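> So TrEMBL lists the following for this protein:
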type	residues	note
TRANSMEM	12-35	transmembrane segment
DOMAIN	35-124	domain 'NUP210 Ig-like'
DOMAIN	134-241	domain 'NUP210 Ig-like'
DOMAIN	251-354	domain 'NUP210 Ig-like'
DOMAIN	364-441	domain 'NUP210 fourth Ig-like'
DOMAIN	547-634	domain 'NUP210 Ig-like'
DOMAIN	655-756	domain 'NUP210 Ig-like'
DOMAIN	900-978	domain 'NUP210 Ig-like'
DOMAIN	1170-1286	domain 'NUP210 Ig-like'
DOMAIN	1375-1478	domain 'NUP210 Ig-like'
DOMAIN	1481-1551	domain 'NUP210 Ig-like'
DOMAIN	1559-1726	domain 'NUP210 C-terminal Ig-like'
TRANSMEM	1811-1832	transmembrane segment
Amino acid sequence: MTGCPASLRRRGFGLFFLPLRCFLSFMVLLGTLAYKLNVPQVLLPFSRESGREPFLLEAQRGCYTWHSTHHDAVTVEPLYENGTLCSQKAVLIAESTQPIRLSSIILAREIVTDYELRCDVKIDVIKRIEIVSRARELYVGDSPLELMVRALDAEGNTFSSLAGMMFEWSIAQDNKSAREELSSKIRILKYSEAEYSPPVYITKMEKEEKQGDMILVSGIRTGTAVVKVQIHEPFYKKVAAALIRLLVLEYIFLIPSHDIYLLVGAYIKYQVAKMVQGRMTEVKFPLEHYTLELQDHRVAFNGSHPKKVALLDDKTAMVTALQLGQTNLVFVHKNVHMRSVSGLPNCTIYVVEPGFLGFTVQPGNRWSLEVGQLYVITVEVFDRSSTKVYISDNLRITHDFPKEYFEEQLTTVNGSYHIVKALKDGAVVINASLTSIIYQNKDIQPIKFLIKHQQEVKIYFPIILTPKFLAFPHHPMGMLYHYKVQVEGGSGNFTWTSSNETVVMVTTKGVVTAGQVRGNSTVLAQDVQNPFRYGEIKIHVLKLNKMELLPFRADVEIGQIIEIPIAMYHVNKETKEAMAFTDCSHLSLDLNMDKQGVFALLKGGIQRPGPMHCSSIYMAAKSLGHTLVTVSVNECEEYLESSATFAAYEPLKALNPVEVALVTWHSVKEMVFEGGPHPWILEPSRFFFELSVEKTEKIGIAQAWLPSKRKQNQYIYRVQCLDLGEQVLTFQIGNHPGVLNPSPAVEVLQIRFICAHPASMSVTPVYKVPAGAQPCPLPQHKKQLIPVSSLRDTVLELAVFDQHRRKFDNFSSLMLEWKSSSETLAHFEDYKSVEMVAKDDGSGQTRLHGHQILKVHQIKGTVLIGVHFVGYSEKKSPKEISNLSISTTVELLLVDDVTIVPENATIYNHPTVKEIFTLVEGSGYFLVNSSEQDVVTIIYMEAESSVELVPLHPGFLALEVYDLCLAFLGPATAHLRVSDIQELELDLIDKVEIGKTVLVTVRVLGSSKRPFQNKYFRNMELKLQLASAIVTLTLMEEQDKYSENYILRAITVGQTTLVAIARDKMGRKYTSAPQHIEVRKLSHPKFVLLPEKMTLIPTNTIVMSEGGPSPNPSFIFSSVIRLWLLLIGGASYREEVGTAVVHGTIQTVNEDTGKVIVFSQDEVQIEVVQLRAVRILAAATRLITATKMPVYVMGVTSTQTPFSFSNANPGLTFHWSMSKRDVLDLVPRHSEVFLQLPVEHNFAMVVHTKAAGRTSIKVTVHCMNSSSGQFEGNLLELSDEVQILVFEKLQLFYPECQPEQILMPINSQLKLHTNREGAAFVSSRVLKCFPNSSVIEEDGEGLLKAGSIAGTAVLEVTSIEPFGVNQTTITGVQVAPVTYLRVSSQPKLYTAQGRILSAFPLGMSLTFTVQFYNSIGEKFYTQNTQLYLALNRDDLLLIGPGNKNYTYMAQAVNRGLTLVRIWDQEHPGMADYIPVAVEHAIEPDTKLTFVGDVICFSTHLVSQHGEPGMWMISADNILQTDIITGVGVARSPGTAMIFHDVPGVVKTYREVVVNASSRLMFNYDLNTYLTNTLNSTVFKLFVTTGRNGVNLKGSCTPNQALAITKVLLPATLMLCHVQFSNTLLDIPASKVFHVYSDFSMEKGVYVCIIKVQPQSEELLQALSVTDTSVYGWATLVSERNKNGMQRILIPFIPAFYINQSELVVSHKQDIGEIRVLGVDRVLEKLEVVSSSPVLAVAGHSHSPLTPGLAIYSVRVVNFTSFQQMASPVFINISCVLTSQSEALVVRAMKDKLDADHCEDSGILKRFSGSYQILLLTFFAVLSSTAFIFLAYNAFLNKIQTVPVVYVPTLGTPQYTHLIHSTFPSLLLGSLNTSSPPPFMSLQPPPAQSRLQHWLWSIRN
């Protein structure tokens, strides 16, 4: 019964209709229920024995009371279950004691409804019994057969139950069968012996060894048996026993057991099996009890054998079909008595003809399969009646299953059975064919008619329903959940069914509807094409009793929407298992937050389920923080809630870099990240952030500072590149998952970190924009020439890029070198340093830029700033660094501040006047203002960098221009004046010769007598007026700026006047003063310029030749001649498009008036054009093989020749290509002499035809500078293409005997010569062959004359020999016009292997030969063409006619390119152009050669056999040269010519200018210094002459290096010397050092080598405490008288000094002292150690009285051990600075000596203790010494001052063997030289004399 929803009662819905609804539901339900008993009537047997089993009576539904109407006959006893008082069952007990029929009624009353049920019960006597069995046949070994007793009354009614009655079962004798033992066939079993489950009373009776009304029998062996039963109760002895006869058989059957259809020749092998104990067992032949027989053969109407249809093999049970028909295969029992038994297996065999084939597939038998499944495909054969035929193994069926779709895992021999696996989806067709039958004798019988069949198969993917199950909360309100089940796989057409449609409904589209009724259901989606393929899904509708929030991400970025997934569950009360609902979105949810403002609930958000949740709520993160969110649901009296904490954080972003960081090797990039999740408020310890890399060995990462010191929520790392490559750096920040935050947000940001080599750089000036000013627009225009100030220093900014043009973020690891092309214009103070400045370049990413200050010298000009990549600052640079050659240049235009041109101007006041003011210098970006607004109208024209003014009123104003891209120092100002006409002025020569012209100049003056410009004259209507016509006036084209010039030509002798007239804007007339003119007589020659017209492209250069007479020397004017040309020397250089006229004028100056008079003039027209297109000029396009033809580039018109564009600067490059290289070769000019021109000179090529075919020749002309305007439309390239057809020349015979014909041009002559001239009589004649007989004429003596008609003739030449033999030869003569000519050059040039020449060597003699060809490329034998020669310039190449016809001789006299044009005057189109480039062939470049330079000359030129030429020098005293190797030494200033002569090939030269060396440059290793230690390293002082830094030019060969060192000896040019810098030291350095000069081939510089010489002890002791350096001097031998010697200061470290060789100690005096002299830096590095531990050396102490004296104390640790040591003990003294190492022997002294020593020591101590005596002694000695010192020095040298050297005393024995020979000569006083001084003895000297002995003077 469905309960009333609690939610309805709680909400108050339907209060009135609820009882009625419940009542109606109850009544309807009650009416549908049935109250009945299990049986309506019961018949029970009469029995007097006890133990009867009562009969069970059972009612359905309800609780009953039971009552019997006849208690004496039947009693009823109710049964109660589960301890309740409700009874639905009762037992009936027969109580009758009389064997008569009795009856009773049993009433059952339902206690609630009083509904009464009735059962009639009767008791009667059994009259007969029967045995009931389900079968009469038993099988041996099969399951037992159950037999039951059925009892009947007298009327034949069957008793309802015999339970509990005892019966006697037995096996009776069968009269029909043989007499055998009764138990041999069957046996009776108990239920306990079998696996049957009998009723309870049977089990109870069997335990009591009783038999009831049910038994089991089983077969033992085949045969028949009789079972008998009778009632055990004595009352029923008269009732006859019941018998049943059973047949025991073997469970045997045929395999196959059905009827078989065979084809003729096919066979079937039968098997016999029997079932034993539920298992099938095969029976082997022969059979024990049976035989197989074929019976009833019925042959078909057309059978061939009338008797048998098939043949049976008894041994194998194989039946072979013989002919069409049928027969029966039957079992025959061997026992005769059993043959009548039916039921033995048999079948019929039909022999038929094949009809057709068929396919079956299992499982499913549908041809809609599933990918991945195994299928059994069977090929079936049917007869014509559609009956399936048995397929024997000797049938052969072929099949075709596409391997793409099926994998065959098993196939039978006959091809009928296949196990396949479906591999892929799709539709496919399979085929099968029945082909043949193989008989037992191996004969193959093909099928008469081939039977084929094909089947279409569709394969689909498996059907998968998603999701695997669905669960919905029970929602009694009627809210239904709809869910679309997703289906994958299958055919797409499905049948949807639900197992419980009350709970779940499903549509035909797979939409599930559920939720209103609790329960479970299974939804199936069956494929319509194959119902065996289906997918299923379990669906549950359950009660909601648990909910929780599943915060997939509990923290979210601000501005993002977070989804709060809500999971709801049904929890099983018994198993406690929770099942999550799929969709619970219809439940209403309430949400509460403890903090407002952090998140906002999205209104109208859809509550939708997800993969892991059934409902959700959406919130938007508004601000930073966290809040506790509580979600609750109140449904069906269930209140559920769940809470979770959510947080909002700022977005994670990369501040720097934004996406990609690019650094150079070992540079560092500072990465800054900001935002991201905060530490989770409930578990802050799980917060983390990290920056990870892919390969840690390539990148080093360090956090910039501790997190506590960083900016809030900002993370900074320093990332250093350790190896090249690209990696992705991943920055992760978030919290680790925990219990309170299982799915925290982890923000990941990836930055590409690229470490690469630099590929390019860019340099731009830094523009500092003043506040409020407009920004400089220059960086946006990307100009190549950048203006900067020449007056102020400029900061240059360097940016570095990689190969993909990406800018580096940091390149501080690069070593860069800044260079200026002109140090006089600008320079860098530190050209190797750069300041790295962080700067945002507009992309939002901060990158480091290199800043360098460019120092300017206030000089204008163009300077090229270069930045070169030298290497990396780290030592171990990558290997690829050697391949990097990176540099950048920027061309800076050093400009002054902007000025206005003109700065002062007078403007004519007229409304049509428009005055243009040019803005000169500056950056080109300006702001224009005016001081007055009413005087003029101002228009700034930015493109022209000019200002246009239109006058309004007379007045004054200042025009101000501000520069936007240069430092702001104030505006440029121009002062302007607007004025009206004030005066007219005429200027001319008043005397002119008849027929000659003079210049007339007109000027108009304004206010303040300032002249107006002549451009205003048209506004003034200015004109000249003559009084008479004896002269004419012609306006000149060239005018002065402030005047108008006219040419006055004298016509007639006489006099006249001239005036000028003008009008202002108001119409007022102004007239000049009249000028008088007188006409005279004079004449002089004409001046002419050639050529008259030229066509050039912009930037092309050509040199014009000028001609004409010289001035008349008798002329009364002075003969000063000036040629007006565009460039000096007549070079024409054009940059603008248009037409220009170059004037050449001869002028003289009137000495009286100073006026200029023109003698004569001429002009040349120059047309400057842009190339619109180019074309290849090929004289012929159809050529024979093995010929040559020149091709060259022309413009569109015939005037645009190579002269017009081939010498431009920047030049054009010409690139040629061919479509087929096997047809012809396209070689550059001069290739015949092995010259390879650069692409700039390849405007002309030569075609060499090779094989027949058609090919195209293409040329592409590139413009190297698009801004030069050389191509129309600013194109970068032009191209043209022509087709050339090459064909084989006509041949009549084999090639080895080709006839030749003579080719002559029109109107030419040819003298024939034969080899028989003079030996025989030779005659020739032209054969008269019409119509070509008139082509040539022959005079009979071998002179051929060609006429004006082209054609072919036949010439016969006859030789009459004196020995009677006549020889005749016939040859053809062809007369044709000349089509083209070709110029070739000689001689051939040879170079060393692997070397090429791109130009002719300077000084070389050339020969140019001209050859002529007809239209197909055949060369003429003679010619009569008049050739002309032209050069584009005549200053580089001297050329003239050669000694043979059509040859020219040329001499290369200067470097450069000369274009040579050779053409036919009559046919100007027949021409050839060749470029002749001349360059130096001798290397190296000898610019800036100074005295002392060593030059290794080399050239690539060799002879034909590879032998080098000879070297020669013009001035050996200037450049000493080895003529064999070609190496020279510059010994004196001057000019010399170095020649290289390859005999018979070429002779070239190069000029060498040797400059004087003004100064020497010194250099040495800064880590080295000089010392006077004898075994110290040789010191090298490097010296260079000139300003090049090295004195070796060129690459020297080993032979040249040997010649330098053995022959030339450049070291003899250099003199070296050293000197101590301390002038007080009277020791010459030559006694310490040995100096000599050398030349280093490795470094290419001179070397002063300084070696230490052996020194005396005096020198060593004196130098040990000397503080001095050494001057290194050097000079050139040739320059020593001019510049003297130059020097450099070299550091000097003196060696320390000790004057003792041993130290003596005794038992009493066990402490000794070692005294060392040296400077402080040497003493600091001094190491004094003992060689044995018995001696201890204490630290040194300095003497307070003697500077430079260090005292070391040596103490004997164990004197006994010291005395017993066998080997000597040393004190080792060494210093790393001076590389010294000394050893001092320490030995022990006897006791007596030790006592004396102690005594003396005591006296010394007492004496030294009186400091008064010590001081007196010291000053006395000092005074005496000073007096002697002064007197001595005054006597020797009154000028020189000798230093005093203080040497400390020694308290221990010193180097006595050295002191004896050294000290006596140095000591002062009365010391005895024959004995050691007192302080050198074993005892120390007295204290008062100690200082005396250590004070001396040294003089050398």
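Placement of Cβ uses the backbone N, Cα and C atoms for every residue, glycine included.
Unlike curated entries, TrEMBL annotations are predicted automatically.
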> Using Cβ distances below 8 Å and needing 3 or more such pairs, separated by at least 6 in sequence, tell me whether the domain 'NUP210 Ig-like' (547-634) contacts the domain 'NUP210 fourth Ig-like' (364-441).
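Touching, no - the domain 'NUP210 Ig-like' (547-634) and the domain 'NUP210 fourth Ig-like' (364-441) miss the threshold of 3 or more Cβ pairs under 8 Å.
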> Within the domain 'NUP210 Ig-like' (134-241), how many residues are helix, strand or coil going by DSSP?
17 helix, 38 strand, 53 coil
> Just to be sure I understand, if DSSP states are collapsed into helix, strand and coil, how many residues of the domain 'NUP210 Ig-like' (1375-1478) fall in each?
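Within the domain 'NUP210 Ig-like' (1375-1478) the tally stands at 0 helix, 57 strand, 47 coil.
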> Find the average pLDDT over the domain 'NUP210 Ig-like' (655-756) in the predicted model and report it.
86
> For a three-state summary based on DSSP, what are the helix, strand and coil counts in the domain 'NUP210 Ig-like' (547-634)?
0 helix, 45 strand, 43 coil
> Tell me the residue counts in helix, strand and coil for the domain 'NUP210 fourth Ig-like' (364-441), as DSSP assigns them.
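Helix, strand, coil within the domain 'NUP210 fourth Ig-like' (364-441): 0 helix, 46 strand, 32 coil.
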> With DSSP as the reference, give the number of residues of the domain 'NUP210 Ig-like' (655-756) in helix, strand and coil.
9 helix, 53 strand, 40 coil
